[in-house]
Amino acid sequence: MSEMTTTAAGSFKHYVEAFRPHQWLKNVLVFLPALAAHRLDWPTLLISLEAFVCFSLVASGVYVLNDLLDVSADRAHPRKRHRPFASRNIPTAHGTWMAAGLIIPGGLIAMSIGWGFFLVVAGYFLVTAAYSLHLKRHIVIDICILAGLYTIRIVAGGVATSIPLSVLLIAFSVFFFLSLAAVKRQSELVDSAGRGRLRAGGRGYHVNDLPIISMIAIGAGYVSVLVMTYYVNSPVVMELYPHPQMLWGICAVLLYWITRTVMVAHRGNMHDDPVIYAAKDRISQLCLVIILIFVAGGVLM
């Protein structure tokens with residue numbers, strides 16, 4: 001009886017792991033329009049929470065489909081071979097109904113929020129499906145799509161809450177997440193080089209592309225900081241913050257964090273998605289606290 005309970009618990013753990021709940025952190029971006037507009041009333045936050053749940057369900061469904069498609073490549077990877085499908089802890093036959101059981105409820109929640117939001121979520125699903133099936137193997141297109149998928153979450157938050165989005169905020173998101181997408185590829189290429197391989201598994205990049213990818217990572221990151229300086233000096237920020245000059249500190253912190261993140265990837269010390277890495281990294285956590293202090297200073301001082 002005890003052995004059966006342990007097996008069942010282990011199986012449940014593997015199913016939850018296949019949903020990649022740690023990746024739900026990325027869906028916090030749907031709250032950004034409400035936070036940026038200082039719309040922190042309960043109805044707005046509740047709709048944002050519904051949008052978060054919706055994106056988490058749909059994204060988990062897509063991750064399951066992606067793992068099914070990548071199962072052969074994952075089994076040859078030193079870390080990804082431990083994923084539930086690659087390690088055979090979950091039969092691949094279960095993957096289809098698992099994905100449907102996540103994506104369909106997510107779609108129903110999207111429709112309950114509104115048709116505009118549903119169309120954004122449907123677009124997100126179609127783009128992620130195209131990425132998983134084919135586009136992730138194409139150089140440059142892949143990182144542009146990843147940057148777009150992050151930005152879609154912000155757009156979705158704005159559509160769900162009917163909050164207009166600043167063009168500068170969207171531009172910042174595109175360049176910032178293009179930088180992180182390039183960092184992700186940079187870390188994969190560094191890992192491939194360390195294992196004596198000429199290509200990143202399942203991607204279109206060669207190890208010789210590493211200098212260019214690194215330049216994209218640092219260049220796009222610095223452009224995002226430049227866009228942030230324009231945003232900090234924009235009329236909407238001047239209106240929202242009694243002391244907008246405090247927000248310039250955010251630009252300095254971002255400049256440091258982006259530079260350090262690229263260096264960490266260059267040294268082969270980033271083994272996670274950059275967003276997940278940032279959530280675990282002490283220095284990144286400290287940078288976030290400092291940014292929040294600058295935001296609070298802009299509001300309160």
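Even glycines carry a Cβ here, placed using N, Cα and C.
The model shown is predicted, which means the values in this text are computed figures rather than measured ones.
Features of the protein shown, as given by TrEMBL:
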{"type": "TRANSMEM", "residues": "45-65", "note": "transmembrane segment"}
{"type": "TRANSMEM", "residues": "97-127", "note": "transmembrane segment"}
{"type": "TRANSMEM", "residues": "162-183", "note": "transmembrane segment"}
{"type": "TRANSMEM", "residues": "212-233", "note": "transmembrane segment"}
{"type": "TRANSMEM", "residues": "245-263", "note": "transmembrane segment"}
{"type": "TRANSMEM", "residues": "283-300", "note": "transmembrane segment"}
*Is the transmembrane segment (162-183) packed against any residues at least 6 beyond its ends, judged by a Cβ distance under 8 Å, and which are they?*
29, 32-34, 36-37, 39, 44, 142-144, 146-148, 150-151, 154-155, 213-214, 216-221, 223-224, 227-228, 230-231, 234, 236, 258, 261-262, 265, 270, 274-275
*Residue numbers, six or more beyond the limits of the transmembrane segment (45-65), whose CB comes under 8 Å of its CB atoms*: 18-21, 23-24, 26-28, 30-31, 33-34, 95, 98-103, 105-107, 109-110, 112-113, 117, 121, 124-125, 128-129, 132, 153, 156-157, 160-161
